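The feature domain 'SRCR 1' is assigned by Swiss-Prot to 40-140. The N-linked glycosylation site annotation in Swiss-Prot covers N87, N190, N194, N422, N601, N612, N765, N808, N834, N936, N985, N1031 (among others). Among the features that Swiss-Prot reports, domain 'SRCR 3' is placed at 248-348, with the record citing sequence analysis. Sequence annotations record features per position, and here Swiss-Prot assigns domain 'SRCR 4' to 351-450. If you look up Swiss-Prot, you'll see 453-553 marked as domain 'SRCR 5', on the strength of sequence analysis. The feature domain 'SRCR 7' is assigned by Swiss-Prot to 657-757. Annotation comment: Swiss-Prot describes 759-866 as domain 'SRCR 8', evidence class sequence analysis. What Swiss-Prot records for 1052-1072 is transmembrane segment. Under the heading topological domain 'Cytoplasmic', Swiss-Prot lists 1073-1128.
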Amino acid sequence: MTSLRRGNICWVAVCAALLTLTRGIDVIAKPSRTPSNGDVQLVGGASPAEGRVEVFYNGAWGTVCDDGWEMQDAQIVCKQLGFASANSTRCCASFGQGTGVIILDDLACTGDETRIGDCPHRGWEQHNCAHTEDAGVVCNGKVRLAGSPNPLQGRLEIFHEGEWGTVCDSDWDLKDASVVCRQLGYPSANSSSNVSFGPASTAQILLDRVSCMGDEHGVEYCEHGDWKNVSADCTHSRDAGVICTRPIRLVGGNGPMQGRVEILHNGEWGSVCDKGWSFQNAVVVCNQLGATQPRRPQGVPVGGGVGPTHMSFVNCDGTEATLEQCSNSGWGNAGECGHSNDAGVICTPAVRLVGGNTHIEGRVEVFNNGQWGSICPESWDAKDAEVACRQLGNYPLAEGDCCPQFPADVGVVLDNVVCTGNESRIQDCAHQDWGVVDCSGGQAAGAKCQATVQLVGGSHPLEGNVIVLRNGRWGSICDDNWDINDARVVCRQLGNYEAVAATCCAKYGQVPQEIILDDVACQGEEGRIEDCYHATWGSHNCGGSESAGVVCREIRLALDDSSSNLPKGRVEIVYNGVWGRICGTDWDLNDANVLCRQLYNSTAESVHSFKNGSGPILLSNFKCTGSESNIFDCTHNPWGDYTCDDADAAVVCRGGLRLAGGRTPLEGRVEVFHDGQWGTVCDDGWDLLDAKVVCTQLGNYEALSAKCCANFGQGTGPILIDGLACNGNEDLIEDCRHEGWGSHNCQHYEDAGVVCTDLRLTHENGSVSTNTLTGRVEVLSSSGEWGAICGKYWDKKDAEVVCQQLFNTSAMDTRKFYLSSPDQLINMGEVQCNGSESLLLQCPRASKPFTAQTCPGGETAGVLCKDIRLVSGNQREFGAVELLVDSQWGSICADNWGPNEGAVACKQLGYCAAKGTQKGLQPARTQGKMHFSSMNCTGSESRLRDCVHTYGGYTCNGLVFEAVVQCKAGCDWPGPIRHGSFSPNRSSYDPLTTIDVKCDAGYELMGSKTLQCVTGCDWSRPTPECQRISNCSIGGGGKPSVGAQAGPAGGVMLIIGIILGAVVMMLIACVALYLKGRNKNIGRGNPATTSAIWKPKKEFDELKEPVLSFSAMTAGGAGPEDGMGEDI
């Protein structure tokens, strides 16, 4: 090793040693000179201004006993160290136990001494103490913040040589401010500010050109200019200021105002035990964080912390400024409280947006000293608005017009707000003192935030699958554990709407966005869905058909009589997140009928008068015809017309009806409203006549089927009706005969359900198609008439929606039907579905009416829906056969399953033919729904339903219970072909594929040059052959003729030519090898030898061309993929 290397290693060792020595040193406040007897230092504190008191005596540091330890003693220690004064005393080894000698005991300072050794005491090293009694002190540091009532921010003042002064802001930045904040006991700085705090200082400017690295223990240890020697341009208008972060935070929640409570102590964050945790404790935490009242004092899902537990048994009365001022167990005395008992809170943000079109845009109002006030718009920009949106609930700032101005309808309380954009709250930004404003024009600052939740796929804006915004991308929510409490939060987040239903199973179509939220568990009181407990973002075990959805409502009845048999009450509506009333002027039975139909699928018993509510009057003068489906479709005065001299609008509805748990709005469990509550209907005697009345009441729909046995899930309320016996002509379900309200002998597993429809399929002759999944599509009009759909623009996406709505299956193809008569009714035209809608009526469509005469081409729309599938197979063409019956998939018993049945199944599935059939899958699967116990086909049928069959699978037994088929999707490989190949060369080919056939050199094709895979998975022609060319004509320029007789001379000449060519090639090779060997030997000075000419095989291998090629004599036909064939 060179001396330079040794030198480098030595330097590395020295640097490493120095780095090790400088790490982990306690924060110690002590003189920089060599200590002498009576010097003091503070050890073990989080800053130089606090710690265990240690005194130097007889060459060693020792501690002070806390017997008689008081503020006068602490004042002398702090002044001796250069601090302005003492803040508090600490006993009982609060900063840890020392290890040296106990130097002093029974101190009794008067306050006039300059050094601790001058105070009366028991005597040096005289004591009756242990290190558990070591005294400590907290000094008022050498820095303070002035000019602001907020202890976290202000003008920086520094203590030097007995006086306080300011610091010039030259070179002042966030690193300098962070050092000051840590020196004051705060975690770090939010910003370094030069905003004026309070009246201008009159103190001397002590420092300028401060330049901290960021890790110093105090600002005085940073690089800076000479004390009291500052630049001439440093005036008090340039006094440096800071805004510090709080020594308390919320961690582990889903927003800045919720989570596990953590506090900073001795430079370390730690949690608080929830033993004795109360609402008053949460109030103090929220006040300390600058928020308003807590939403929920306990039970917040916050996860476990990882640091120490600083405090336990906290007991606040709600008036304390900080949590540590409340009575508690003492720092670090948490007992056996683990992190499973960490306390948490959810605080209400001290900001709100008022006067906008939604709850997330409007005038910014902040809460301070018990009242709300607005902000002056001067200097207000996107960074300020960004902080407001974050504080409101982690909303991103809307793109475009982020910062509109609004009328200052409440007093302006804040001016000159300057945010960096990183703050959590507006109150943490630099600003003028509260109430000190210079703002004119009557305007206030505003913000427009971007919504983080949307509904997609619904027929109106207040229903659909839920998607949420996370880190700039939208994603869906899995429906695991999804319930009405989750829906309440989503509807509130969308605009304080009322939740009607929580939906599952991608009810409004599959969402293209990936699932990013799962296992949501809201209490129902949260402000945002993100605030609810949920699995880790992006973690889920769901598929695309499990998207969660909601149905919200912007209108409701404030029921004034819960004992009433009928739904009745004051009508309330929501606008911009605020619920209000409708003026009763001109409110009549037509208006009431529309409302009752909209809310309860019923009619109005009467209009009614109730005592007025407390919300604003939002609408008035409704003039409905009675045929509208939504109260807002009626004419009325503009929003915000508050003139009303009448009572509030109110109604009494005749009962109520709704469907729950269905895949579409037209199917589900039947629920009725009676005696102030919703309940179910028992399926005893439930039939299609009962279903017909339900579907008619819901909107003149046609009943497709009556469902029993809680087909749409079990209800949870009372069972209100049993033994229903409708004749089919009633208008309302309560008009039918039944056992009496609430009288039943049923359980919820007997809840009745229905499937209604506004679609049907008909045959070409107009008859209704009841047992097939193909036919002309007809739509039910609002007047109750069935009509066709013009087929001009009908495509596969439209057909997909129809098949999903009617049968919960996909579309195999579209169909077109000619008009059955010139007078045939057409109800719809130019449908433009995207394929994800759950109802055809949700698709965009032309508003212009169509008739048989105006429908282009005279064709109507039809569909062919898929009613067969293969499941549980390991490949696409193989599996157990399942058929769709009554919207349910079920299998076929394999007892009579054979080649004929397999051929029909494959034909129906769209395959060419069946390769084979078998009974049961391996491994066997659990037996599910079985539709057919036998199936007997001739093989000529187009569908399995056309075969002779028996419904039900009760007689099918054993592990091989289900029919399985292997279908052919195309033609097999047509080879092998000897001495030839196919292009393309594959193991199988799709129908209508054409392949080329080629022969090797010396062979000629006998047959067609192409083959095509035709219907039935057969090739269009037999596979051709390649035959050897037996003779060639020489010199004639003609094509070799297979089988032609050449003369003897021609044959002899051919053989002689081949032999002579071979001899010439060998001679050339020998000469080349000779010359190569000779040159090598000459280069070495050795004579050429025979062995140098005749080298081993390797040198022949190095030749660029082969001597002779026999490939044409040995090539065979190529097989699929490998290109190899057989040798002769």
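Glycine residues also receive a Cβ, built from the backbone N, Cα and C atoms like all the rest.
Annotated features taken from Swiss-Prot, shown on the structure.
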{"residue": "N87", "record": "N-linked glycosylation site", "contacts (Cβ under 8 Å, 6+ apart)": "A49, V138, C139, N140"}
{"residue": "N190", "record": "N-linked glycosylation site", "contacts (Cβ under 8 Å, 6+ apart)": "I243, C244, T245, T420, N422, E423, D428, C429"}
{"residue": "N601", "record": "N-linked glycosylation site", "contacts (Cβ under 8 Å, 6+ apart)": "G656, L657, R658, Q697, L698, G699"}
{"residue": "N612", "record": "N-linked glycosylation site", "contacts (Cβ under 8 Å, 6+ apart)": "R570, R581, A647, D648"}
{"residue": "N808", "record": "N-linked glycosylation site", "contacts (Cβ under 8 Å, 6+ apart)": "R663, L884, S887"}
{"residue": "N834", "record": "N-linked glycosylation site", "contacts (Cβ under 8 Å, 6+ apart)": "K797, C843"}
{"residue": "N936", "record": "N-linked glycosylation site", "contacts (Cβ under 8 Å, 6+ apart)": "N896, E901, C947, V948, H949"}
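Rounded to the nearest whole angstrom, the C-alpha distance between N985 (N-linked glycosylation site) and N765 (N-linked glycosylation site) is 49. N985 (N-linked glycosylation site) counts 16 other C-beta atoms within 10 Å of its own C-beta, drawing on all protein chains shown. It is 453-553 that, among the stretches 40-140, 453-553, 657-757, forms the most Cβ pairs under 8 Å with the domain 'SRCR 3' (248-348). Looking only at other Cβ atoms within 10 Å, the busiest spot among the glycosylation sites N422, N765 turns out to be N422. If you take every residue in the topological domain 'Cytoplasmic' (1073-1128) and average the pLDDT, you get 42. Following the DSSP three-state reduction, the secondary structure of N190 (N-linked glycosylation site) is strand.
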